[in-house]
């Protein structure tokens, strides 16, 4: 059961209108006969799936949906490049559609698309607000020709450009300026010639005459003050709110704020004894701000609100030293930019053009105050299909002239506003005058409520309005038919109607007795329901099987299981399907048991298993029929004498050899191949099969008997074996002897080589030769 259902049911809605406020997934069944006995009125409110499951007809389910209607959809302006058509600002459209009507149902967001296209040649009003304190003297010189120069440069961007000029110094009270009479006339020291200090002066309202700008700015004189921060915020506030005196048109409004110092803001006025907060109204008399000594400086938030309200985009042109401060300020003021001013303002034209390009290349959507309970989300589809969500969904950057960007905007209402009337909200791109107007209508009741019958007879003597299939009770009445007044609810005689068979339990302890009828309690789980006149029934206290209610094969009605087809039993756990009981031979439980709840109960105790096919103590098929096959085919074996009586239960067919026996592959019925041995150790082969209840036995008619052994080859083999073994042994012995002799001889040879003979002379030996020399011989 989905979570949605539980939200709808838990809400305890007493009417169709209440029901559809709970969540966008809830519906109300307006069928009069939808509720069963004991169900409370709020059971009509449920999620749509459940209502269908609970048999509420489709045409009786109340489920109104929201819608979007576009009331004004002027296409965005497409300029032809070559045609120099001059359009008034009000003829240019940059955002589409312009008006929509949304019908909102609580919890169901409505989404629509907005298209923004940056128009070409869009008119610009630029107001130059300059600090004229003493340090800005050199800057004033440079700005004197700004009018014509800026006109010339801005012609590149727009053909319709106007420029104005204003200046500011400081509040004209101590301690911001010196109030000694001489200093009031000339606040500058030495022989400098300065003009009296002032808070804010509108020198030139917006004009398209650049020379006029140059002329008036040339006449301006520098002034002076004591402290470093200036009273620029007072001036910005006046420029924003005095639309008429400044001459603002409904076009791009730029305010250039040029200074080389910081700023005072709300609270600083206390130094001069000024405690009244700024009232955000226009106080210009003769183009001079007259209330500077009376109202404090505005706060930053107050400025943001007024600048945004008047679609003014601010460009802070400040010196290097004050960049960090004004950058922080820029982060607080939407659609503002900061540029670095050179010390003598020589780069101011380039600064304005750069800032304008950066400001106008970004579009940021902003919506006005939302009615209570209404929320809005943005998704942007910017250049090159880049998507942004959350805070980034409100804006697109890098938009060139002529580019189109899209926003998907979703508006959702959490609840109906108390008065139920329609509301209007506005969405606008910051810094632009155009806006989208959205009228919100709220669906607070069902359509069927319109056809309700007040004080209907169906609602107990007219004590309620009969609408959407049930009674909506008048004030002070309760009950399903508004039959009771709230004052007389708890009386004994009414409680008696809620006791079953005059028992003690009121509504079987599962409900409350509301003026004589039981309203059953609701459970945590919305799928679990108490019902019945005395709440004696429920759909969750039935028998369980495998931890499932009604075994998962039925539904629980009034504590009894109503089983699906093919199931029976108190918990629907008994299947009537016999396919699980079929044995391999196609018989139910192998013919040896009964099929109960999808499993076999075997009648013969020898058999077991899910289909009574396993018999651990039975001989096999072959052993069982061996004797009968033997006696009928070969008239031998143990049953030779009782063959006629015991063995005529099968049909015998003889075949020539084993190949002629039926093979298992060509049979559509179970077939067993057997090989058995008789008393003479001869083998015989047969098959046993049951075909259409006839038992068939195919037998090979020749026995396979083993032949007797052949004596002569055996004896000859044994003798030959003995002789061969003897020879082999002799050969081995001879071989070993030869190896041994050779080793001995080699050893002897080696020793002979090593013998050494002594060569000393024999002492007894005398030589047999005697040598005689002739004395006469003279050797001649």
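Note: Cβ is positioned from N, Cα and C throughout, glycine not excepted.
These come from TrEMBL:
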DOMAIN    7-57  domain 'PSI'
DOMAIN    15-446  domain 'Integrin beta subunit VWA'
DISULFID  19-56  disulfide bond
DISULFID  29-45  disulfide bond
DISULFID  188-194  disulfide bond
DISULFID  473-482  disulfide bond
DISULFID  484-498  disulfide bond
DISULFID  513-518  disulfide bond
DISULFID  515-550  disulfide bond
DISULFID  520-535  disulfide bond
DISULFID  558-589  disulfide bond
DISULFID  574-581  disulfide bond
DISULFID  597-643  disulfide bond
DISULFID  602-612  disulfide bond
DOMAIN    622-710  domain 'Integrin beta subunit tail'
TRANSMEM  711-733  transmembrane segment
DOMAIN    734-780  domain 'Integrin beta subunit cytoplasmic'
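When the disulfide-bonded residues 482, 484, 597, 602 are compared by the number of other CB atoms within 10 angstroms of each CB, 597 has the fewest. Most buried of the disulfide-bonded residues 194, 550, 581, 643, judged by other Cβ atoms within 10 Å, is 550. Among the disulfide-bonded residues 188, 515, the residue whose Cβ has the fewest other Cβ atoms within 10 Å is 188. Helix, strand and coil counts from DSSP across the domain 'Integrin beta subunit tail' (622-710) read 23 helix, 29 strand, 37 coil. Per Cα geometry, 29 is the residue among the disulfide-bonded residues 29, 188, 518 nearest to residue 56 (disulfide bond).
Counting in whole angstrom, residue 19 (disulfide bond) lies 23 from residue 484 (disulfide bond) by their C-alpha atoms. With respect to their backbone Cα atoms, residue 515 (disulfide bond) and residue 484 (disulfide bond) stand 6 Å from each other. For the domain 'Integrin beta subunit VWA' (15-446), the mean pLDDT of the prediction comes to 85. For residue 45 (disulfide bond), the nearest of the disulfide-bonded residues 188, 194, 558 in terms of C-alpha separation is 558. Rounded to a whole number, the distance between the Cα atoms of residue 574 (disulfide bond) and residue 550 (disulfide bond) is 10 Å. When the disulfide-bonded residues 188, 194, 518, 574, 643 are ranked by how far their Cα is from the Cα of residue 498 (disulfide bond), 518 comes first.
Taking CA atoms as the reference points, residue 482 (disulfide bond) and residue 518 (disulfide bond) are 14 Å apart. Contacts of residue 520 (disulfide bond) defined by a Cβ separation under 8 A and a same-chain sequence distance of 6+ are given as 38, 39, 40, 507, 510, 511, 529, 530, 531, 532, 535, in order along the sequence. In this structure, of the disulfide-bonded residues 473, 535, 574, the smallest number of CB atoms within 10 A of the CB marks 574.
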